[in-house]
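Asks: First the structure, then my questions, so here it is.
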């Protein structure tokens with residue numbers, strides 16, 4: 001079939017976020033504050049390497065150029081390097097990235113790079129080791145920082161760092177973050193805290209609009225960059241005096257969904273049209289044999305007709321997303 005995925009609102013989809021596990025070994029306050037709780041899925045229930053190969057092949061045939069491997073914590077999969085290589089078999093996929101807590105980055109960055117990984121996002125919500133421990137439940141700050149250094153040593157030209165913006169936690173630490181990226185080619189992405197089914201109280205207490213940071217950046221001479229078609233949702237800013245960049249992800253901003261270019265597949269093979277949508281379309285029965293590819297592509301394309309124009313976060317409707325590890329954040 002090989003036609004570009006397009007929805008009823010003429011949005012084109014070049015970017016797949018593929019969750020390969022919902023297991024995580026961190027207990028971040030905004031995601032899994034009580035730690036990982038199995039939802040009836042064993043490690044054997046997650047997508048296999050062959051299933052991942054087939055689903056990414058179908059998306060590549062439908063115009064996908066970028067695949068981001070998410071979790072949970074993707075690197076907890078023992079076959080993670082094999083998964084990277086399987087995705088990389090598709091020549092049409094130009095970028096293969098991972099979002100990781102950095103737990104195994106120092107050990108494995110070079111192997112991931114060799115397998116075909118082209119991009120790394122690391123979650124770092126504070127540059128203070130004690131606060132990092134308090135947020136994540138893990139005393140691993142120095143290990144994660146060493147992992148970022150290892151990523152550069154392995155040949156990644158830029159590392160993206162995700163920081164969830166939280167009122168009275170880290171929103172006042174802009175100067176500290178800017179000093180950190182001034183000599184380093186790091187794109188630091190501040191992500192507005194999003195409400196989830198399990199996180200409503202935390203959201204009400206700590207949400208702050210990214211507009212506050214955007215106004216401050218513009219006042220300091222930071223310049224808004226143009227997005228590429230397979231980029232994520234961040235508004236990216238650069239400054240001539242800084243090697244690093246700042247990204248702002250503001251899902252509550254008007255028209256945030258107008259430029260949506262990404263779809264999600266969960267670790268058990270469900271297609272999700274929106275992080276905060278309802279339900280999901282099972283693809284797994286069509287991931288068992290290479291001969292099913294045409295039917296798989298048809299199911300993906302047909303499902304896209306149901307994609308809504310926007311999320312409904314403004315009405316506190318978080319859809320199926322009980323926490324951000326559920327379908328890969």
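Backbone N, Cα and C atoms are what each Cβ position is placed from, and that goes for glycine too.
So Swiss-Prot says this about it:
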type	residues	note
BINDING	17, 68, 99, 160, 262, 263, 264	GTP binding site
BINDING	24, 28, 31	[4Fe-4S] cluster 1 binding site
BINDING	30, 72, 123, 194	S-adenosyl-L-methionine binding site
BINDING	257, 260, 274	[4Fe-4S] cluster 2 binding site
DOMAIN	8-234	domain 'Radical SAM core'
Asks: For residue 262 (GTP binding site) and residue 31 ([4Fe-4S] cluster 1 binding site), determine the Cα separation and express it in whole Å.
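Replies: Cα to Cα, residue 262 (GTP binding site) and residue 31 ([4Fe-4S] cluster 1 binding site) are separated by 21 Å.
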Asks: Which site among 28, 194, 263 has the most other CB atoms no more than 10 Å from its CB, taking these as binding-site residues?
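Replies: Compared across 28, 194, 263, the most Cβ atoms within 10 Å surround 263.
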Asks: Cα-Cα, whole number of Å: residue 257 ([4Fe-4S] cluster 2 binding site) versus residue 194 (S-adenosyl-L-methionine binding site)?
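Replies: Each residue's Cα considered, residue 257 ([4Fe-4S] cluster 2 binding site) and residue 194 (S-adenosyl-L-methionine binding site) end up 14 Å apart.
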Asks: State the Cα to Cα distance, in Å, between residue 72 (S-adenosyl-L-methionine binding site) and residue 260 ([4Fe-4S] cluster 2 binding site), rounded to an integer.
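Replies: Cα of residue 72 (S-adenosyl-L-methionine binding site) to Cα of residue 260 ([4Fe-4S] cluster 2 binding site) measures 23 Å after rounding.
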Asks: Would you count the other CB atoms within 10 A of the CB of residue 31 ([4Fe-4S] cluster 1 binding site), including those on all shown protein chains?
Replies: 23
Asks: Could you tally the C-beta atoms, other than its own, that fall within 10 angstroms of the C-beta of residue 260 ([4Fe-4S] cluster 2 binding site)?
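Replies: If we count other Cβ atoms within 10 Å of residue 260 ([4Fe-4S] cluster 2 binding site), we arrive at 21.
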Asks: Give me the largest Cα to Cα distance among 17, 68, 99, 160, 262, 263, 264, the residues the record lists as binding GTP, in Å as a whole number.
Replies: 20
Asks: If I take the alpha carbons of residue 123 (S-adenosyl-L-methionine binding site) and residue 68 (GTP binding site), what is the distance between them in whole Å?
Replies: 14
Asks: Taking only same-chain residues 6+ apart in sequence, whose CB is under 8 Å from that of residue 160 (GTP binding site), what do you get?
Replies: 119, 120, 121, 122, 186, 187, 188, 189, 247
Asks: What does DSSP call residue 257 ([4Fe-4S] cluster 2 binding site) in the simple three-state scheme?
Replies: helix
